[in-house]
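Enquirer: Okay, so Swiss-Prot annotates it like this:
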- 254, 255, 256, 308, 408: L-serine binding site (BINDING)
- 285, 286, 287, 301, 372, 373, 374, 375: ATP binding site (BINDING)
């Protein structure tokens with residue numbers, strides 16, 4: 001059974017180095033894995049040869065006369081002793097080899113732009129008519145026409161209020177100050193209409209995807225170390241996720257983690273593929289690398305709700321399914337009437353699991369920037385190798401690793417920030433997207449057409 005990265009390591013290690021270099025990672029990772037794999041195969045061959053000789057001798061011993069039988073018994077014992085010693089060495093090398101293999105990132109797809117960071121990301125399409133404040137025209141052009149796109153926009157002469165101020169000081173429906181006192185930075189209290197909006201967004205995404213045939217899943221919110229290290233590069237990202245003290249458990253940063261583990265250590269008949277799931281869960285993130293970015297508001301927070309798409313696929317179908325996943329996300333944001341662009345992520349910004357990644361970024365009028373709302377990845381067989389998830393081909397009962405894909409559908413708090421900036425009005429109200437209204441109607445107190453500022457109570 002072949003794993004694409006191991007196959008390339010053995011067939012063309014120099015080409016695998018080029019893929020590692022595209023990610024601006026140390027190519028000596030390949031040298032180390034290649035050396036250990038070579039040594040592992042050498043020892044494995046020796047162990048197999050000794051085992052074969054031992055089996056031949058053991059089979060023939062009963063047929064031999066003395067003293068030849070005693071000599072052969074001693075020879076078999078000696079072979080067994082040598083084999084046990086070699087197997088011990090083999091296990092040591094095997095552990096080191098596996099550790100080295102798991103450090104290798106995925107093979108970069110040929111359509112991925114090469115560059116060290118997000119400044120090399122390439123927009124591939126735009127949708128909607130953004131509201132652009134007159135003071136942001138130049139930077140809007142930098143994010144559109146620079147890439148050869150002529151995007152129609154609506155010029156506004158009043159500067160929209162940022163989502164953080166809109167939430168706390170205009171609508172007065174959030175409180176990050178009190179949350180900071182009791183829980184720390186990047187936490188929040190949300191109230192009334194914003195909570196209804198959060199729930200409606202989740203219902204909207206769930207309704208849309210289950211209508212398309214995706215199986216709804218409420219997954220575990222915690223995973224064991226063995227599983228979490230199969231889903232992500234845990235050695236690199238251990239400071240980005242929360243560990244439960246005294247327990248072999250980690251809080252998930254996305255339902256992707258639990259959905260990837262759903263078929264861990266299983267074999268899936270090819271006729272059952274693709275398996276399409278939509279998971280809904282809270283997400284917990286340390287945001288350790290965020291520094292002082294987005295400290296205000298609820299754009300980058302430690303906890304939020306998210307609806308996630310996850311697919312198990314045949315390798316020959318995974319690239320078409322990646323387009324389906326990003327298409328599903330685009331349908332959701334079109335329904336919300338939030339102008340966006342889809343971006344092909346640069347090689348240095350992919351993260352180890354992804355062979356290719358798209359981000360969907362909505363226009364944020366108060367910032368004059370497109371900001372990430374959705375991340376969609378094809379991880380090919382990177383996760384499935386680590387989690388031992390295989391497909392079984394009907395013809396010849398051949399086994400191989402499945403391809404897995406994931407994509408955000410809706411991350412509620414981040415999507416709320418986009419709604420607050422894009423759908424605000426000069427009088428301080430926020431127009432509720434039409435597609436959400438039927439999900440709000442089930443609540444007697446939920447907003448229908450507009451979210452209004454809460455009137456300040458008199459002292």
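Any Cβ shown, glycine's included, is placed from N, Cα and C.
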Enquirer: Taking just the CA atoms, what is the gap between residue 254 (L-serine binding site) and residue 287 (ATP binding site) in Å?
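Expert: It is 13 Å, counting Cα to Cα.
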Enquirer: Looking at the binding-site residues listed here (255, 256, 408), whose Cα lies nearest to that of residue 375 (ATP binding site)?
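Expert: Result: the closest of the binding-site residues to residue 375 (ATP binding site) is 408.
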Enquirer: For the binding-site residues listed here (254, 375), which one has the lowest count of neighbouring CB atoms within 10 Å of its own CB?
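Expert: Selected from the binding-site residues 254, 375 on minimum Cβ neighbours within 10 Å: 375.
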Enquirer: Residue 255 (L-serine binding site): which of the binding-site residues 286, 372, 373, 374 is the nearest Cα neighbour?
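Expert: Result: the closest of the binding-site residues to residue 255 (L-serine binding site) is 374.
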Enquirer: For residue 286 (ATP binding site), which residues of its chain lie six or more apart in sequence with Cβ-Cβ distance below 8 Å?
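Expert: Residues satisfying the criterion: 239, 240, 241, 242, 302.
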Enquirer: Sequence gap of 6 or more, C-beta under 8 Å: which same-chain residues meet both conditions with respect to residue 373 (ATP binding site)?
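Expert: Spatial neighbours, sequence-distant, of residue 373 (ATP binding site): 333, 338, 340, 359, 360, 361, 362, 408, 411, 414, 415, 418.
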Enquirer: Within 10 Å of its Cβ, which one of these binding-site residues (255, 301, 374) has the largest number of other Cβ atoms?
Expert: 255
Enquirer: Compute the C-alpha separation of residue 256 (L-serine binding site) from residue 372 (ATP binding site), stating it in Å without decimals.
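Expert: One finds 17 Å between the Cα atoms of these residues.
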Enquirer: Rounded to a whole angstrom, what is the C-alpha distance between residue 301 (ATP binding site) and residue 308 (L-serine binding site)?
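Expert: Residue 308 (L-serine binding site) has its Cα 17 Å from the Cα of residue 301 (ATP binding site).
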Enquirer: I need the least crowded one of these binding-site residues (256, 287), counting other C-beta atoms within 10 angstroms of each C-beta.
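Expert: Checked 256, 287; of these binding-site residues, fewest Cβ neighbours within 10 Å: 287.
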Enquirer: Other than 254, 255, 256, 308, 408 themselves, what residues in this chain have Cβ atoms within 8 Å of the centroid of the L-serine site's Cβ atoms?
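Expert: Along the chain, the qualifying residues are 257, 259, 279, 281, 283, 306, 307, 309, 310, 406, 407.
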Enquirer: Identify, in sequence order, the residues in the chain of residue 372 (ATP binding site) that are 6 or more apart from it along the sequence and have a CB within less than 8 Å of its CB; answer 'none' if there are none.
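Expert: 359, 360, 361, 414 - these are the non-local Cβ neighbours of residue 372 (ATP binding site), listed in sequence order.
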Enquirer: Among 285, 286, 287, 301, 372, 373, 374, 375, listed as contacts of ATP, what is the widest Cα spread in Å, to the nearest whole number?
Expert: 19
